[in-house]
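Feature list (source: Swiss-Prot):
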type     : residues : note
TRANSMEM : 33-53    : transmembrane segment
TRANSMEM : 55-75    : transmembrane segment
TRANSMEM : 104-124  : transmembrane segment
TRANSMEM : 127-147  : transmembrane segment
TRANSMEM : 155-175  : transmembrane segment
TRANSMEM : 181-201  : transmembrane segment
TRANSMEM : 228-248  : transmembrane segment
TRANSMEM : 252-272  : transmembrane segment
TRANSMEM : 287-307  : transmembrane segment
Amino acid sequence: MALIIRSEIDKATQAITTALPWRDYYELTKPKVVMLMLLTSLIGMLLATPSPAPLWLLVLGNLGIGLCAGAAAAVNHLVDRHVDVKMARTFHRPVANGRITPTNALLFSALLGGVGLWILSSFINALTAWLTLASLLGYAVIYTLFLKRATPQNIVIGGLAGAAPPLLGWTAVTGELDGHGLLLVLIIFAWTPPHFWALALYRKKEYAKAGIPMLPVTHGDSYTRLHIVLYTVILIAVTLLPFATRMMGYCYLVGALVLGAGFLYRALKLLVSKDPKQGLETFKFSIIYLMALFVVMLVDHYLFPIPVYGV
């Protein structure tokens, strides 16, 4: 029955995408992931200065960053096509499914990346363009080609590339590196392991079938649950740094502590739970947590500004 349903889904998908091939290329960019990255990039832009940056800079900066993120996602589709066909979550992807050829995926990625870097270097600044290129290569090459299949710490090491967008947004506005911008990167860097390991617990069998050495596959569920708790504690500590450095005020401190307590509760619940769906619930909550934390940052930054900006 499952095979029949899967066959019918494939037929329906093929019929739709044959009529609307642009949808396949849109899917190639992982739009949901890119949108999350652009939200964090926008947060970086809005936090970089006491008053909002010009609209044209926000639009062009995020356009360039978004195109480069889409380029990296397309490379991920290309490299992972043999793995994607083994996983229920990804077997329908356009390259894995054969709807887009590897050559066309590579050309599409090169086009997006080239245009994105041109926008950043021509209209924003060279620093942002170079940092975006480094992030693109870090995700598409270092993580996707090597780390993902090499070590269960793939998410920890490779998470730095995915944590870069707020810094890219920050440098797009200021044109220079800043410790506060790096703090935003550190927050996402600490958030990434518990976020993805929670999903890996739920998708453990699929990762094992595909040969991806995610932590639950190599070290077991109990070990992974414990590390989710430990990294959540680290995350909470990291989120206090913006207050400690006077980047943020008391409004942020209260919000960060409340949200952190909620995340820790979820992590502890996952630690003792035997329900496999609890991993998925923790994964979903982690996304809400990150967005809520950044909203609190914006509220604190604009409604309760500290007297002396910076350190």
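Backbone N, Cα and C define each Cβ position, glycine as well.
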Original post:
Are the transmembrane segment (33-53) and the transmembrane segment (155-175) near each other by the rule of at least 3 C-beta pairs under 8 angstroms (pairs 6 or more apart)?
Top reply: yes
Original post:
Which stretch from 181-201, 228-248, 252-272 shares the most C-beta pairs under 8 Å with the transmembrane segment (33-53)?
Top reply: 181-201
Original post:
So what's near the transmembrane segment (181-201) in sequence-distant terms, Cβ-Cβ under 8 Å and 6+ beyond its ends?
Top reply: 40, 43-44, 47-48, 155-156, 159-160, 162-167, 170-171, 174, 207, 214-217, 221, 224-225, 227-228, 231-232, 234-235, 238-239, 241-242, 245, 247, 263, 267, 270, 276, 279-280, 282-283, 286-287, 289-290, 293
**OP:** Would you mind listing the long-range same-chain contacts of the transmembrane segment (228-248), meaning Cβ under 8 Å and 6+ residues beyond its ends?
**Re:** 179-180, 183, 186-187, 190-191, 193-194, 197-198, 256-257, 259-260, 263-264, 267-268, 270-271, 282, 293, 297, 300-301, 306, 308, 310-311
